[in-house]
């Protein structure tokens with residue numbers, strides 16, 4: 001009977017394979033990442049996620065490259081500008097946790113599109129502001145759109161297998177973050193075009209904000225019309241048909257918040273992605289004021305920081321996957337610590353150099369490391385919790401926003417010169433990266449310790465031991481945990497080649513419902 005059941009599962013699994021354009025694992029997550037494909041549902045979700053996140057970055061950071069003009073028009077002080085910069089990222093601190101929970105409950109598609117449409121009016125209203133208070137408010141409400149980062153990472157983790165999830169997360173977030181660099185080029189260009197048409201400069205900057213607002217709304221409708229939550233369908237339809245169990249909100253939130261790994265990753269992410277948000281707010285004005293550059297030239301220099309996301313963050317995710325194949329989760333953690341620490345060192349140097357040429361070179365090197373570290377972080381996040389993935393993603397993303405808020409409040413509100421603030425920010429990066437050494441996964445270990453023993457004490461803890469601990473006996477009797485079994489099977493890749501060579505995995509694993517896929521395909525452009 002058992003053999004017959006296994007055969008039926010294999011036949012059922014193989015019968016469902018042809019409906020996907022990419023090879024998939026037992027959860028129907030893609031095991032290949034074809035960057036320039038738009039195959040549904042996996043690659044179409046990838047392109048929709050990064051494009052929608054890109055539009056939100058463009059909107060949120062549309063003001064900084066035009067600040068010299070806006071500053072004169074609204075009579076803004078240095079304190080006003082600093083407060084608005086803090087406001088632009090502070091709203092997303094706790095909202096990202098809420099966004100993660102929304103993804104867990106209603107799916108990334110509806111969560112993403114709804115937030116984009118809710119925040120678009122704030123971008124439009126930027127065109128009619130008349131005071132420092134209204135400037136702060138529109139930046140605050142526009143900044144909520146950055147919570148789409150959580151839906152982006154959640155969506156990728158739901159669509160791509162564990163062997164390539166770091167690459168998928170890295171490319172989606174990296175290309176989305178490009179909006180922070182692209183807007184440094186786009187907004188001055190749009191401003192110049194409108195001004196040359198005949199509008200006064202104090203009118204031209206206001207009209208320019210219609211471009212990011214319309215673009216943001218356009219991407220929301222694309223997500224609603226073309227997006228799909230999971231490989232097998234949308235949350236609503238799958239829950240209605242009974243194919244996806246309805247989860248308890250309180251249990252999802254509880255298991256996410258109690259997992260200390262999420263808090264540590266939130267702290268460290270605050271000093272890679274949070275630093276990136278901070279630099280997006282200050283860098284154009286820094287080069288404009290310190291080196292007496294023209295507005296457009298300062299924007300081009302500042303854009304080089306954000307545009308490094310085209311390759312830096314994806315490289316972080318890709319290298320994280322590579323390290324996992326060789327050394328398991330311990331390789332991911334070591335690579336994250338090393339990359340982010342180097343980013344902090346180059347940030348310190350950036351604040352110390354005094355020439356334009358040296359500042360540009362060091363800034364680009366710094367940007368590569370700090371953005372790659374963000375990619376490394378979300379190579380780890382998908383494995384922290386299967387049940388509460390959205391909450392963990394939200395906690396980590398919220399930590400990024402909190403880091404940006406604290407960094408700007410401490411270092412860039414007039415207490416220090418901008419150069420001194422940059423150097424001190426680098427010191428904070430190095431110090432706040434150290435807790436990564438405390439992260440430990442029972443089946444795989446951490447930076448300093450290997451895997452743990454199971455509760456019986458006579459064998460190494462398995463992936464099933466770790467992930468099924470989030471489900472109580474009653475929930476397991478109902479079958480609510482079945483998807484977790486498949487995820488646990490597919491997560492065995494985090495043991496690394498060396499561990500797999502020294503230990504027989506079949507001896508320590510409980511039987512699962514579906515066979516483990518033998519496909520070991522990785523990035524395929």
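In case you wondered, yes, glycine gets a Cβ from its N, Cα and C as well.
TrEMBL annotations: computationally assigned, not manually curated.
Look at TrEMBL and you will find 506-525 tagged as compositional bias 'Polar residues'. Taken from TrEMBL, the feature domain 'Major facilitator superfamily (MFS) profile' applies to 45-438. The feature region 'Disordered' is assigned by TrEMBL to 1-21, 499-525. The transmembrane segment annotation in TrEMBL covers 50-69, 105-129, 136-156, 168-191, 203-226, 333-354, 360-384, 391-410, 422-441.
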Task: Distant-in-sequence neighbours of the transmembrane segment (333-354), which means Cβ under 8 A and at least six residues beyond its ends - done: 268, 271-272, 275, 316, 319-320, 323, 327, 362-363, 365-366, 369-370, 372-373, 376-377, 379-380, 419-430, 433-434, 436-437, 439, 446-447
Task: Paired segments the transmembrane segment (136-156) and the transmembrane segment (422-441) in contact, 3+ CB pairs under 8 A - done: no
Task: Closest-packing stretch to the transmembrane segment (391-410), where packing means Cβ pairs under 8 Å, from 50-69, 105-129, 203-226, 360-384, 422-441 - done: 360-384
